[in-house]
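Colleague: Please see the structure below; I have some questions.
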Number of protein chains: 2
Amino acid sequence: MPNIVSFQQGNAAMKQLLGGKGANLAEMTRAGLPVPPGFTITTEVCRRFYDGGGQLPAGLMEELNQSMRELEAAKQQRFGDPMQPLLVSVRSGSVTSMPGMMDTILNLGLNDETVKGLAVMTGNARFAYDCYRRLIQMFGNVVFDIESHHFELGLRRLKRKLRLEQDSEIPAEGWIELIASYKAVIAKEAGRPFPQSVSEQLELAVAAVFRSWNNHRAQFYRRLHHIPDEQGTAVNIQAMVFGNMGGDCGTGVLFTRNPSTGEDVLYGEYLMNAQGEDVVAGVRTPVPIAKLKAEMPDIYEQLFQTAKALELHYRDMQDIEFTVEQGKLYLLQTRSGKRTAQAAVKIAVEQVKEGLISHGEAILRIEPFHLDQLLHRAIDTDRPLDVLATGLPASPGAATGLAVFDADTAEAWAREGRKVILVRSETTPEDIHGVLAAEGVLTSRGGMTSHAAVVARGMGKPCVCGCDAVGIEGREFSVKLSDGRTVTISEGDQVSIDGASGRVIRGAVSLREPVLTAELSELLAWADEIRTLQVYTNADTPEDAAKARHFGAEGIGLCRTEHMFMQAARVPVVQSMILAETADERAKALQQLLPMQQEDFEGIFRAMDGLPVTIRLLDPPLHEFLPNLEQLVLQQERMSHNPAVEPEQRAKLDSLLRKVRTLHEMNPMLGTRGCRLGLVLPDIYEMQVEAIFRAAVQCKQAGMDVRPDIMIPLVGHANELKRMRELVVRTASEVLGKLNHAADCISYQIGTMIEVPRAAITAGQIAQHADFFSFGTNDLTQMTFGYSRDDAEGKFLTHYVETELLPNNPFQVLDQDGVGQLMEWAVERGKTVKPLLKTGICGEHGGDKPSIFFCHAIGLDYVSCSPYRVPVARIAAAQAQLTAPNVWK
Amino acid sequence: MPNIVSFQQGNAAMKQLLGGKGANLAEMTRAGLPVPPGFTITTEVCRRFYDGGGQLPAGLMEELNQSMRELEAAKQQRFGDPMQPLLVSVRSGSVTSMPGMMDTILNLGLNDETVKGLAVMTGNARFAYDCYRRLIQMFGNVVFDIESHHFELGLRRLKRKLRLEQDSEIPAEGWIELIASYKAVIAKEAGRPFPQSVSEQLELAVAAVFRSWNNHRAQFYRRLHHIPDEQGTAVNIQAMVFGNMGGDCGTGVLFTRNPSTGEDVLYGEYLMNAQGEDVVAGVRTPVPIAKLKAEMPDIYEQLFQTAKALELHYRDMQDIEFTVEQGKLYLLQTRSGKRTAQAAVKIAVEQVKEGLISHGEAILRIEPFHLDQLLHRAIDTDRPLDVLATGLPASPGAATGLAVFDADTAEAWAREGRKVILVRSETTPEDIHGVLAAEGVLTSRGGMTSHAAVVARGMGKPCVCGCDAVGIEGREFSVKLSDGRTVTISEGDQVSIDGASGRVIRGAVSLREPVLTAELSELLAWADEIRTLQVYTNADTPEDAAKARHFGAEGIGLCRTEHMFMQAARVPVVQSMILAETADERAKALQQLLPMQQEDFEGIFRAMDGLPVTIRLLDPPLHEFLPNLEQLVLQQERMSHNPAVEPEQRAKLDSLLRKVRTLHEMNPMLGTRGCRLGLVLPDIYEMQVEAIFRAAVQCKQAGMDVRPDIMIPLVGHANELKRMRELVVRTASEVLGKLNHAADCISYQIGTMIEVPRAAITAGQIAQHADFFSFGTNDLTQMTFGYSRDDAEGKFLTHYVETELLPNNPFQVLDQDGVGQLMEWAVERGKTVKPLLKTGICGEHGGDKPSIFFCHAIGLDYVSCSPYRVPVARIAAAQAQLTAPNVWK
């Protein structure tokens, strides 16, 4: 394998070896585009650089010099020649684009002698010394690690002295003076002079670029984007062209389409008489590309044609860097342009219509995760925001409203038509009605999978979690700003949150509504034609169900019945059911709950007419519906000191406390919940089944096509499902009998969550009693790892992810080696016993792209996710089919 | 397959079809022993009886009548013949012995006519009518379900009227009068007369015996002994012989050796002029068998010879029923005799010496579980015990001492030499020093796997758990007895517990010390020759280690270091380590703990000189070492109302409460514990490793062979073990360096617990960093099932086992389908990656026989169990090898 590849030799397919930039420069060169000559030192050399402890491999310099000789021949200049000096740029270029993360040195090859030659050669001494001072600064920065402010200080002093405002006004003599002071900075900070030998310059620069692969921000970026450390960077050495040699020079960046809206127009900006860096650094304000048409019509036309040609060549929107040197256009870089979700959708759909790409390619162009931007409200303002703090971006979307500090106030104010943001240290199931009433939720504790986060995502409400800068005291919170000021937000004050970025903002902000654009709808329709994986939704209310259906959900994969128990009006009935001392008392409370539940189900059946609705019977431990133990203990203690309290009040509290203690569990996650409840207290499940079938009959009589599926939670042993199946079948036929309907008038299925490791392991036994499996990957992850969601984050899990012990938070990205292995086993064993077994996933992973790919690969029939994630999942499912055809079907 | 098999046709090998009793009667008949003629209706017929909804299969009665004809021919009598009536017994006989659980009817064939014939035939009217009244009573009882007291009432009235004391004094006329009243009882209670047709009697009796397979006590017994419901019972019909025909008659039971001590003498008792039932019913007191030698020397001699022959024939100690009818010996039954553990060992060893059985057979004769009786103290008294209540038999052994109600008092009193029983509602890790100090533990809450139970078993202390009849209030407990009295035991009162039966006894009782008898030692030596599975022990103290070594442990498989943190003197240091605000403060506390831990390890290494010691680094969550959150909240509330409290006292409590809240977890079982602690706070593990290696060097210098193995708990991802391994290796080499020792002077291994499902699933990855795997099946069961040990029992798990949803409590008997499947995978994958990987089990299942069999089958290298279980495991491991040769080796 060669260590160095010239732009003539390379091509776009050599991206692994040459990096993205090098491969593209070679590709453009091969296409006959005007690219300054150059070559690439491969990523393989970078790996050897690190293997060798940060030394350039032996022999590399000889090859490098040989390549420089070829460059000299091409440019008719010589490196270090005092008359016709060749100048080069030395740039990083990784396989995966990491914009701005690594280092670049321009104008390499200048020294005290060659600068004079450049001045003569270009007839522009001012330009030549400007180049030289730029080199010294960049070199000091990149090679010797000297902070920029040392150099900026000198420049500021010079301008003060010359009484000038703009760098462009400084004459050659000014730059010469500055060069002397820059050299002094180098000597002082680096302990050695700026090297006058150009080949020493080159060697030091190449090593420095390799080193920059491991600088702090590059490492951070790689971790963030899951780029392997072993990939390494290439180094591109290219003859310099100058956009700053005079009025017929310039430099700019260009997108072949508008990266923000997707519109098919050239988009970009440029600066006359400047180097690329001036554009990036923001020292001067660049001019929109459209102006170039007037300023340099030939160049504009050439650029326009080149842009079209490049788009055609790469079959994607391009992000191009160009320089005009004395009226001649050079292309310095082209790559696929980054774009907003909106632009991505529009460009992909239009490129299909232009015949450029296929439906499948269009779908693969979309990063499903970015669609979130389109599907939620966003902040829509140019005003600077008064950001108070940043928490975890727990549920996307922006919201604005009055701060309230408890669920009851949230509900009361919302009923009066006021928009509110619920602010809590953390939420509990008792706050659900408050979350429902609020525009968004802000908590000071808890992670991405805390109760507030999970519930908010389920409801599609914006949520910022674990914002520990927010100190809540009673009915206000305060934030200490970095400047030392403390801002206090009291109940009723306007506050805004952005659940996509985690920002907490003082005051109201204007919001932009999400829309399913025509292009997105078209793209989704193509995705539906391609994908084999169905997309269901998790929805607990008719509103959510309708929303999900609008977004294309093909059924409800998870309808949680516990949230129906949490509505404020129902909590007392639910509590009296739990606190009942006798079966009779409990039966009475259940009879009160029955019509409420029936109404819930009717609403959902109506919204999902013709589609399956998978209803999970009650899952959480009963104590979640009761007051907090610690609070009760305190209350009891206080009552004992209060002579005004009536004995029966005391007795009532004592009895409540006793019951709460009885139900209290050391590890509620592993306690009496799910079907364990259904087995110990079957009457609750019987009531729920009765409500389902009464609702089904009502809707059927109203002419609807009702398709209820009943799902048993937390099964770990086949016998649990067997008995629960018996209970459902028996209760259903009793209810239908009472309503004078045949037992088979409503067709329904009975299935189970697979969320306990043992259920996955013994899936063959369990499948005998199941019509479907639904993987509850939240709980399955908890138990397979032995991580409590409530505790892990903020304690050890954050530490694990930060120190790269784990590649990801397994509650966000499905752990394929562990949890996924169990799923694969379960599907295989389940389908062996029952080939027509329906399988799906209803954990939060159902909306995550790699997890959807995995679900597709192991042959699941559907994924179920929150309503707003349905379009995301439709795209991801199609991508999965396009990239990894389903091996099971 | 025949429905009916005569005694001449059957043999001992046909036990599945004929039941134990039928097969043995046939075997004895074939051996020429004096067995009354008869035949057996097979267990297959019983299954068809139940499949047919409780109806005798069609055609059975014809076959039955045919068999009765053959019996008539053999006995020269006719069934229902008024002159020479044939009488038969109808008895159940299941495959697995279920003594007394099912029904029997004797004297069948008597009616108002045949009774006269019997009187003439035997010349004994009194005897004939006695038989008849017995038949009516048993028939009423078994066939018509009439309770005994209806009949007993009539008998008592008759005796009062005749002014007689003994049944044997009642003349024929008395019996005739009683028969009339018995018939009236039948007519009234059953609504139909006692059947005079003998073939109707037979048909009803056979059906009733089949029905008795499903009576309540038989079902209960089967569940208790894991006998499958499908096994069914056979019915044996046999010509009657009479032990009650006069002074030359009698009946008795006989063991061929003493079933209590194992001594090689005939053991048993008999009654002259009686039916077998009289022996069982305890109406008359039977006479020791030795007296028969004087009373009927010929019969005794014949019996002696028969006993020896039967023992030789069956190669095991026999339990024989016999009847002497007019001077002629008949054998009615023989079966392997039940025996105490002590007898079982003695008999097995002596039978080997007699050349009767092999070493292997001797080992297979021992039920390992019963050895527990020999290895713990037992109650040794003939006085009636004052049993107050019965709880769960949580840890075997008996103890007696003064009741104390908190751990500190237990420790203080024990230090003064007083023996104490620690009584708590439940124990927590803070009570450990109290458990250590006490003779035994009694709790009113918690199950077989509660903290108290686990700790007590680990220490070999007797424990009775979950005894909810015990109401603890402050420093006393009271029990409400069934007679309405309430007994109160105050601190300092004598109380005793029997951890094998769960009994709580008022006052002191005398105890018998356990001994490893010469016979048991010999048997264990044979087991050691046979077994391939090694037996390690779980031991946390030098005392336990020494005890286990005495019992034959070949190493320590689990040395828990947290118990070392729990000693009263250390708790403040441990707390200051946890509460440290800075790394420095924590380091100081750890430095204080270091010499203490070092001393612990030195003691254990000394006790295990030459054997491996597997030390598990700290496992439980830190909050277990801190005061209880609820208590602190209450304390804070009380302080806030107490003006006398100093501000700094208040601040100290506030700060403590804050820390406890920080460490508080919703689900501590799934929280920050095990290696998660080691990763987040590495200095604790570093201290422990330092202590281990300092101790190892000390012991090595004292000439010992030290073999420390270091075990990392709660690993779920290979990276966790990788990092912990690095920590151990680094710390060990640093410590050894500081002590001027080479890094390889102590040879040690580093391994991991496999107790998180993900660890088992990804065992191939984890094995790359492990020298050994130790299955922590307690936690593995918790997470695989999703059952919290602390919560499941007493809530849903008891319900699950009682309703047979689960075959067993999976914390007691390893769940092979789920947890076992994970273990099998882990061993397979681990050994694929590392063929020499050492594997073992250190959960409580390590002492359970079926679990040991399973561990042997999947190829583990060792099981580790509590010291007292070591002999049990040695026997079970040998049995596993004898019955299922290891397929892995």
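Along the chain as shown, the residues are counted starting at 1.
Positions of Cβ are set from backbone N, Cα and C atoms, glycine also.
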Colleague: For the substrate site that TrEMBL lists with B:ARG560, B:GLU755, B:GLY776, B:THR777, B:ASN778, B:ASP779, give the additional residue from the candidates B:ARG503, B:ARG506, B:ARG616.
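Modeller: Within the candidate list, TrEMBL flags B:ARG616.
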Colleague: Please work out whether the domain 'Pyruvate phosphate dikinase AMP/ATP-binding' (B:301-354) lies in contact with the domain 'PEP-utilising enzyme mobile' (B:419-502), by counting C-beta pairs under 8 angstroms that are 6 or more apart in sequence and asking whether there are at least 3.
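Modeller: No; fewer than 3 Cβ pairs under 8 Å.
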Colleague: In sequence order, what residues of the same chain, 6+ apart, have a Cβ less than 8 Å from the Cβ of B:ASP779 (substrate binding site)?
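Modeller: Looking at Cβ-Cβ distances below 8 Å from B:ASP779 (substrate binding site), excluding near sequence neighbours, one finds B:MET669, B:LEU714, B:MET753, B:GLU755, B:VAL756, B:GLY843.
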Colleague: Would you say which of the recorded positions B:HIS451, B:ARG560, B:ARG616 has the most Cβ atoms within 10 Å of its own Cβ?
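Modeller: Max Cβ neighbours within 10 Å, all protein chains included: B:ARG616.
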Colleague: Which residues, same chain and not among B:ARG560, B:ARG616, B:GLU755, B:GLY776, B:THR777, B:ASN778, B:ASP779, have a CB within 8 angstroms of the centroid of the CB atoms at the recorded substrate site?
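Modeller: Same chain, not in B:ARG560, B:ARG616, B:GLU755, B:GLY776, B:THR777, B:ASN778, B:ASP779, Cβ within 8 Å: B:LEU558, B:ASP619, B:PRO713, B:MET753, B:SER774, B:PHE775, B:LEU780, B:CYS842, B:GLY843.
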Colleague: Over all pairs in B:ARG560, B:ARG616, B:GLU755, B:GLY776, B:THR777, B:ASN778, B:ASP779, the listed substrate binding residues, work out the largest Cα-Cα distance in Å.
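Modeller: About 15 Å separates the two most distant Cα atoms.
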Colleague: Excluding near sequence neighbours, so keeping only residues 6 or more apart in the same chain, what lies with its CB under 8 A of B:GLY776 (substrate binding site)?
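Modeller: Listed in sequence order, they are B:PRO713, B:MET753, B:ILE754, B:GLU755, B:CYS842, B:GLY843.
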Colleague: Rounded to a whole angstrom, what is the C-alpha distance between B:ARG560 (substrate binding site) and B:HIS451 (active site, tele-phosphohistidine intermediate)?
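Modeller: Distance between the two Cα atoms comes out at 14 Å.
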Colleague: Looking only at Cβ atoms, how many others are within 10 Å of the one on B:ASN778 (substrate binding site)?
Modeller: 16
Colleague: Can you count helix, strand and coil residues in the domain 'PEP-utilising enzyme mobile' (B:419-502) using DSSP?
Modeller: 18 helix, 30 strand, 36 coil
Colleague: Sorry to bug you, but what's the C-alpha spacing from B:HIS451 (active site, tele-phosphohistidine intermediate) to B:THR777 (substrate binding site), rounded to the closest Å?
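Modeller: If we compare the Cα positions of B:THR777 (substrate binding site) and B:HIS451 (active site, tele-phosphohistidine intermediate), the gap is 16 Å.
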Colleague: Please report the number of other Cβ atoms within 10 Å of the Cβ of B:GLU755 (substrate binding site).
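Modeller: Result for B:GLU755 (substrate binding site): 27 other Cβ atoms within 10 Å.
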Colleague: Do you know the DSSP helix, strand and coil residue counts for the domain 'Pyruvate phosphate dikinase AMP/ATP-binding' (B:301-354)?
Modeller: 27 helix, 17 strand, 10 coil
